[in-house]
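Working notes, structure below.
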Amino acid sequence: MGDVPASVPARRGLDGFMLQLRRDIPGKLPGLSIVLVVLLAGFSIVVPGFLSVGTFQSMMFQLPQLGLLAMAMALPMISGGLNLAIIATANACGLIMVVVMRALIPAAASGSTVAFGLVAALAAGLAAGIAIGGATGLLIARTGVHPILITLGVQSIVEGVSVLLTHGKVVSGLPSIYGKIGNSVVMGVPVTFLALAVVAIVVGIVLKRTSFGIALAMTGSNPEATQYSSVDVKRVLVKVYALSGILCFLAACLMLARFNSASSAYAKSYLLVTVLAAVLGGVDPFGGFGKISGIMLALGVLQVISSGCNLLGFSDYLTLGIWGLTLIAVMSVQGVSRR
């Protein structure tokens, strides 16, 4: 016994903990499924034609950008943090892409010129998302300041610079082909919704099947204990916020296609909804647990509520208030259950 290195039992304990994390991450949410079915049935009764192809297609057009932003919020939450800069980051990526497109794609351009401009714009937007997210993670990892404060500061800086450079105006001038691609459908399903599904599958696999995903859950569950294992907590934080920035970039791509323009003021009301979707979908607001499938299901519930309220003539502010009350209720229940 005395000849066994101390690292061996520690390694076994770590492996056991990682295996337990794989088993315990929420994902099967029958409660949300029941809620979704009840909502669909209820709205179909009070709103004639609610269960129509047009309604579902409309919801699928609205979900993608919110879904990507919800994942951008959920990943830092799993690490035990929060990213309040996701909207500002997405808008900054969008503005950068529009500026590059306008600079490289003349009004009468076509063919290779348009293709080159689009690729350059996408590369610039991706670089911006990674840079903002990575810098945010680096600040959190190096300073030890709570992520809420760091991301609030990053949000103010990014949004301030965006407003300064654009004077708060909407920036347009995208090539027509970009909007056509973003608003096209395949067998009745929006291309943007298919893109969301692909990204969700990839991120879900990363969270559950890779060492990074397990390290992320460990960091959120107990960062102090994780620090003494083979996991570099600081590197995990930098990576997760950089990944959040990439998801913000992808959301910006879809927002450009939807609005055919970019602005520093777009989608500000989404911030609350992303937190709500993450928590409803099983992401532990205290860190450590979460699964993408739950978030997607929660987004479906929220979208059904939004569409139903809209068809009933409710104001957007009332719908937002209902979402806020839902978030408070969920957080309260989770807080009580922890006692």
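For all residues, glycine too, the Cβ spot is worked out from N, Cα and C.
Predicted, not measured: the structure shown is a model, and the values here were computed from it.
The transmembrane segment annotation in TrEMBL covers 29-53, 59-78, 85-109, 115-141, 148-165, 185-207, 240-259, 265-283, 320-337.
The transmembrane segment (185-207) makes contact with the transmembrane segment (240-259), as judged by at least three Cβ pairs under 8 Å among residues 6 or more apart in sequence. The listed stretches are 59-78, 115-141, 148-165, 240-259, 265-283; of these, 115-141 has the most Cβ pairs under 8 Å to the transmembrane segment (85-109). Only pairs six or more apart in sequence are counted, and the transmembrane segment (148-165) with the transmembrane segment (115-141) gives three or more Cβ pairs under 8 Å, enough to call it a contact. Scored on C-beta pairs under 8 angstroms, the neighbour of the transmembrane segment (59-78) with the top count among 29-53, 115-141, 265-283 is 265-283. Listed as Cβ neighbours of the transmembrane segment (29-53) (distance under 8 Å, sequence separation of 6 or more from its ends, same chain) are residues 188, 280-282, 293-294, 297-298, 300-301, 304-305, 307-308, 311-312.
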